[in-house]
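Residues or ranges marked as DNA-binding region in Swiss-Prot (evidence: sequence analysis): 13-90. Marked as domain 'NR LBD' by Swiss-Prot: 155-384. The zinc finger annotation in Swiss-Prot covers 16-36, 52-78 and is backed by sequence analysis.
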Amino acid sequence: MSNPTGSTSRILDIPCKVCGDRSSGKHYGVYACDGCSGFFKRSIRRNRSYVCKSGNQGGCPVDKTHRNQCRACRLKKCLEVNMNKDAVQHERGPRTSTIRKQVALYFRGHKEVNGSTQHFSSTALPTPTFFTTVRQLEAHNLELAAISTVPERQTLVGLAQPTPKYPHEVNGAPLYLYEFATESVCESAARLLFMSIKWAKSVPAFSTLSLQDQLMLLEDAWRELFVLGIAQWAIPVDASTLLAVSGMNNENTESPKLNKIISEIQALQDVVSRFRQLRLDATEFACLKCIVTFKAGVSTHSGSELRNFRNAAAISALQDEAQLTLNSYIHTRYPTQPCRFGKLLLLLPALRSINPSTIEEVFFKKTIGNVPITRVLSDMYKSSDI
């Protein structure tokens with residue numbers, strides 16, 4: 001699925017040809033939102049045949065409000081606006097029902113200061129190398145339809161020193177992204193949270209910090225990790241779907257609160273869109289996750305928000321390493337994009353512009369109720385099942 005050519009500064013202003021919602025680009029030949037393009041793909045891939053609820057095939061309204069009410073009429077509308085079935089059939093799908101292969105990311109080398117390697121005590125930096133192995137997450141048991149593939153990238157090997165060896169894909173296998181079905185956004189969000197925690201535990205440098213530091217870093221960074229996950233795994237963020245998921249509407253929610261939630265959802269859409277426009281690869285996402293995770297330990301806090309990390313020196317050093325690694329990787333992988341590193345770093349503050357309470361309200365309220373998300377994070381991280 002490709003984005004339209006030309007200016008992409010406000011791609012979401014182009015309406016979806018199916019339901020009229022803001023589109024996220026061209027999908028199967030027409031401008032469409034994530035919800036309608038995903039519905040069309042699932043329907044064609046699974047060869048679904050729907051029956052109109054009203055018995056009047058094509059007579060049901062298909063707009064932002066009613067698009068999920070009748071699948072038969074929605075599919076008919078997709079075909080009427082010339083969504084291309086062949087484009088779906090010819091897309092390369094997953095090789096298995098779930099992704100079983102992990103993409104291993106290898107990071108080597110130390111940060112060099114004035115030509116010499118900077119050393120830390122065993123208590124300051126538990127591991128001798130930076131991120132000896134960072135495993136890209138497995139999408140276990142995600143009952144989701146594949147939406148796109150990441151083109152196979154040439155293995156990065158044999159790079160001249162002092163440039164370190166950068167991430168490569170195991171066996172050259174491409175990474176497949178999965179669509180998170182709009183009918184189960186809450187479940188998908190819970191899985192994404194689980195995946196983020198599993199990712200953190202897979203980073204040796206992170207897991208060797210004290211448990212207290214690990215939990216505090218997660219509590220501070222879970223929002224950024226979650227939004228990065230939305231951008232990476234293409235979870236639908238159209239307002240009507242998220243409002244339906246949260247159960248909020250004009251009848252049961254006061255206008256000020258509803259308007260605030262809608263505004264936050266729009267901000268989330270903008271942030272996710274900006275990341276997707278840059279078409280980050282798996283390595284860049286991994287580096288950014290490390291940066292935002294360790295940034296929580298070195299950010300300037302004030303007043304009661306001051307966090308007392310036991311190993312602040314190690315956390316600061318690891319964040320520096322993450323930035324240096326990303327910078328070197330981009331210079332090697334994208335030599336014709338000298339501003340790419342700066343653009344990615346400038347996007348990071350936007351991740352914190354989304355209120356954590358909004359994410360909890362929209363994505364997790366039905367799942368965890370009034371249980372604080374920090375408690376869920378702590379329980380999940382301590383679980384031996386992850």
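The count begins at 1 with the first shown residue.
Cβ atoms are placed via backbone N, Cα and C, with glycine included.
For the zinc finger (52-78), the DSSP-based tally of helix, strand and coil residues reads 8 helix, 0 strand, 19 coil. DSSP states for the zinc finger (16-36), grouped as helix (H, G, I), strand (E, B) and coil, give 3 helix, 5 strand, 13 coil. The predicted model assigns the DNA-binding region (13-90) a mean pLDDT of 84.
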